[in-house]
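Novice: So that we are looking at the same thing, I have put the structure below in structure tokens.
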Amino acid sequence: MFKFSVKRIHFIGIGGIGISGLAYLFKKEGYDVSGSDIRESETTRFLEKEGINVYIGHRKENVKDADVVIYTSAAKRSNPEIVAALEKGIPVVPRCDALSELMRFKEGIAVAGTHGKTTTSSMISKVFYDDGFDPTILVGGKLDFLGFRNAYYGKSDIMIAETDESDGTFLKILPSVSVITNIDTDHLDFYKDIETIKRSFIEFANRVSFYGKVFLCGECRNVRDIFSKIYKKKLIYGFSRDFDLCACNVVQDGLSIRFDVLFKGKFEGNIFLPVPGKHNVLNALAAVGVSLEAGIPFTKIAESLSTFKNAKRRAEIKGEEAGVIVIDDYGHHPTEIENTYKGIREAYPDKKVLVLFQPHRYTRTKLLWDEFTQVLSGIDNLFITDIYPAGEEPIDDISAKKLADLCGAVYVGDVENAVSSILPLLEPDTVLLTLGAGNVYLAGEKILQILKKSRGI
């Protein structure tokens, strides 16, 4: 009753993957929704078709009729819309507060972790969707089975959401079920150290309702460290037969992988997963565990996962031209880079693999410098672009060229120059893997266009 005293909700940064999905869901809830972003995009055009008024550019006039303003974590407090809203006494709330409000009226399944949360939440969403649960879905990637959207408004009381640990706001969520895929060193601009990060995940896990359950990946040492600190019901998954849920007899064949599943020591069946890498086996195991907990038969789970397609920018095959396969991945943390590269190498053992990496944020590059140099030094045929700033100012003595020199890689400057540097090296039976959370994918798309044009198509 009281929530509808709010008529209009305005979203700052509405073109972003997390905010856009929220705006879509609140529109479906019956609110008058508007938003703003610095540029038009495919996402903003989709939202406008859904009846959402999108302003290009941030101006104080945009919030004049708003009852609530919701902002992305990337927005600065100096944003003119935030300033104007605060001056007018309009509530200004972060994205996660809005997510927690949506989940408050649902049976929430919240997925957290430094890596793999988009893929894991996508897998859970697909299984529940295919089994007819009709859940509300909010994830950090565009999903094939949702028509390449990242949000879906379901009619049931179940909500599946990817959460964001980067600034600690995931601690505002009160789910019925939570998943922790892994815990790694990241976002050190917010967290002090890995121990602080672990304490944050402990608190997240213990926010599950008294009748709920926490699903924990036992393959991650940092996750194992917090087992004893979690007092809610737990299910541990991984490759060990000592865990509650176990994947064994794992066999990768090209871009797909097969494995057997044991639950409490009992053989449940075999799963065929059309995405590569052992890290994706773990993501799928989490989906299996949550789905079994919801009463979905294993055969239905396996059937759904057998047609799973990764979200956009997650080991996404962009195309093949002149014998060159271009794959793009969002991976921007050393662990993600290592897992993705290993998965692609195993998928294409007889092909030459070239890697174009775009570091993301000066702060992340600085704080994880040693980890980056260690992982990147193990990659053959590596090319590194300029650091994608994501709104940050440069940091003295932190540069892509210095990183490339330390790793034995080739520094290629901006994305446009990367294309001209790599193109002459591409031969038939070559895989080009673009890696990074910025705009490095544009290089792969441009290379495919050039190769296609060279064939006269």
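Cβ coordinates are placed from backbone N, Cα and C, and glycine is handled just like the others.
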Novice: Identify the transmembrane segment range according to TrEMBL, selecting from 9-26, 81-98.
Specialist: 9-26
Novice: Give the residue counts of the domain 'Mur ligase C-terminal' (313-438) per reduced DSSP state, in the order helix, strand, coil.
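Specialist: Per DSSP, the residues of the domain 'Mur ligase C-terminal' (313-438) fall into 47 helix, 34 strand, 45 coil.
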Novice: Please work out the helix, strand and coil residue numbers for the domain 'Mur ligase N-terminal catalytic' (8-106) from the DSSP assignment.
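Specialist: Helix/strand/coil tally for the domain 'Mur ligase N-terminal catalytic' (8-106): 43 helix, 22 strand, 34 coil.
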Novice: Got a sec? Which of these binding-site residues, H115, K117, has the most Cβ atoms within 10 Å?
Specialist: K117
Novice: So which of the binding-site residues is most packed in, judged by how many other Cβ atoms lie within 10 Å of its Cβ, out of T114, T118, T119?
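Specialist: Result of the Cβ crowding comparison: T119.
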Novice: For ATP, what surrounds G113, T114, H115, G116, K117, T118, T119 with a Cβ no more than 8 Å from their Cβ centroid?
Specialist: V111, T120, T181, N182, N283
